[in-house]
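Participant: Take a look at the following structure, please.
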Amino acid sequence: MYYLKYHLTSACLISMLLLFILFIIDLLTDTTQLAQLLINIDFIIPKQFTPLWLEILIHLIIGIVVYMMLLLLYRVRKQWYAIGYVASMLSFIVLYPFLIHIAVRPIFHFSWSEYSLWLLAHIIFIVCVARSIPFIDKR
């Protein structure tokens, strides 16, 4: 229980790293909207009523939930731990086209190159989580 604060900090940092990576990709390519897609919630609340801090907070909460579910698998059902990563990656694979489909604003369009960048960023997220959980738990 003592290390929970370290896991929480790690989950927050890794979630923000994912957003930062997608933001940098958007800046470098100047044609992608990956960071906006990641935090977009216009299918729940209209964009004009959604401040940026709320979108980032929701992204952070989702990242923490994913991290904590994997931590729970690591501690309780180690034989399912790897399956948890596969399930997470499958959800990230489905998430890109799904988020584009349900987005209200017309700025999001499917692109194979953007999809590959989305997956690359989420693979980095998964690798960071996979290294962080055992590292913190062994301390």
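Note that Cβ sites are derived from N, Cα and C of the backbone, with glycine treated the same way.
TrEMBL labels come from automatic prediction, so no person has curated them.
Got these off TrEMBL a minute ago, pasting:
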- 7-28: transmembrane segment (TRANSMEM)
- 56-74: transmembrane segment (TRANSMEM)
- 81-103: transmembrane segment (TRANSMEM)
- 115-136: transmembrane segment (TRANSMEM)
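For each listed feature, how buried is it and what is near it?
Facilitator: If one looks beyond the transmembrane segment (56-74) by at least 6 residues along the same chain, the residues whose Cβ comes under 8 Å of a Cβ in the stretch are 7-8, 10-12, 14-16, 18-19, 38-39, 41, 80-81, 83-85, 88, 125, 129-130, 132-134, 137.
Sequence-distant contacts of the transmembrane segment (81-103), counting only residues of its own chain at least 6 positions beyond either end whose CB sits under 8 Å from a CB of the stretch, comprise 37, 40, 42-43, 66, 69-70, 73-74, 109-110, 114-115, 118-119, 122-123, 125-126, 129-130.
For the transmembrane segment (115-136), the residues of the chain that approach it from at least six positions outside its boundaries are 3, 6-7, 10-11, 14-15, 17-18, 21-22, 25, 29, 32, 34, 37, 63, 66-67, 70-71, 74, 85, 88-89, 92-93, 96-97, judged by C-beta separation under 8 angstroms.
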Participant: Near the transmembrane segment (7-28), which same-chain residues lie under 8 Å Cβ to Cβ, leaving out any that are not at least 6 residues past its ends?
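Facilitator: Counting only partners 6 or more residues beyond its ends, the transmembrane segment (7-28) has Cβ contacts under 8 Å with 34-36, 38-39, 56, 59-60, 62-64, 67-68, 71, 117-118, 121-122, 124-125, 128-129, 132-133, 136.
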